[in-house]
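Take a look at the structure set out below.
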Amino acid sequence: MRIDILTIFPDFFGVLDISLLGKARERGIIELGVHDLRDYTHDRHRTVDDTPYGGGAGMVMRPEPWGEALDATLTPETVVIVPSPAGVPFTQAAARELAQEKHLVFTCGRYEGIDQRVIDYAADTVRVREISLGDYVLNGGEVATMAMIEAIGRLVPGVVGNPESLTEESHENGLLEYPSYTKPSTWRERSVPPVLLSGNHKAIADWRYEQQLERTRRVRPDLLPDGE
Ligand SMILES: COC(=O)c1ccnc(N)c1
């Protein structure tokens, strides 16, 4: 998979050289390109924004630099991801789908957003997904992009050492994950649930599923399958 990020804060993504994705990049599983949108401006001040038509507070990102940046980056198989509070809620299922794609381009908007014609222009030739991390506003798309790259990147085949570890996580089976424990078996007078020490794999699996249901009922009843 190749990921390209278009942003006015390229240094923000230095952290992607470390962590899991750093190793995936070393192994050539994921290629990453971070591009400074200002490299696609031609004025002395490298201007990327201007006042909104129709008035109102704040500034809007100019279409010209975005157009040139997209022209230099898009391929026919690209999926453009626009982090936006006005987008479709991001889910584990979406992360799983996007992890199968060959090329993702993240467009990090700032200010009051990107001139709408840029999104419409891209949508004429490639798939565009406006995606929200939740019902709140950030100052720019960079933090959301980082979160999505981590959620997607870890699902790209070959990135995580033991794919088994991906199957029992929150939201993988639609439910929240069960509680986890490790040594010591008693800590500050709190003991590990005895079933986990029983060696009875079926009893452990049943207990874990029941814990998923209980936690999902309590915290996220909206995720419960009908009848549970
Ligand atoms: C500028 O981007 C945002 O404010 C944003 C992006 C993705 N999800 C959100 N909830 C906000």
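Numbering starts at 1 and runs along the chain as displayed.
The backbone N, Cα and C atoms fix where each Cβ goes, and this holds for glycine too.
Summarising the annotation, TrEMBL assigns S-adenosyl-L-methionine binding site to Gly109, Leu133, Gly134, Asp135, Tyr136, Val137, Leu138. Taking a C-beta cut-off of under 8 Å and a sequence gap of six or more, Leu133 (S-adenosyl-L-methionine binding site) has these contacts in its own chain: Pro83, Pro89, Phe90, Ala144, Ala147, Met148.
The annotation domain 'tRNA methyltransferase TRMD/TRM10-type' is assigned in TrEMBL to 1-224.
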Item to complete: Using only the Cα atoms of Gly109, Leu133, Gly134, Asp135, Tyr136, Val137, Leu138, which the record gives as binding S-adenosyl-L-methionine, return the largest interatomic distance in Å, rounded to a whole number.
Response: 17
Item to complete: Return one of helix, strand or coil for Val137 (S-adenosyl-L-methionine binding site), based on DSSP.
Response: coil
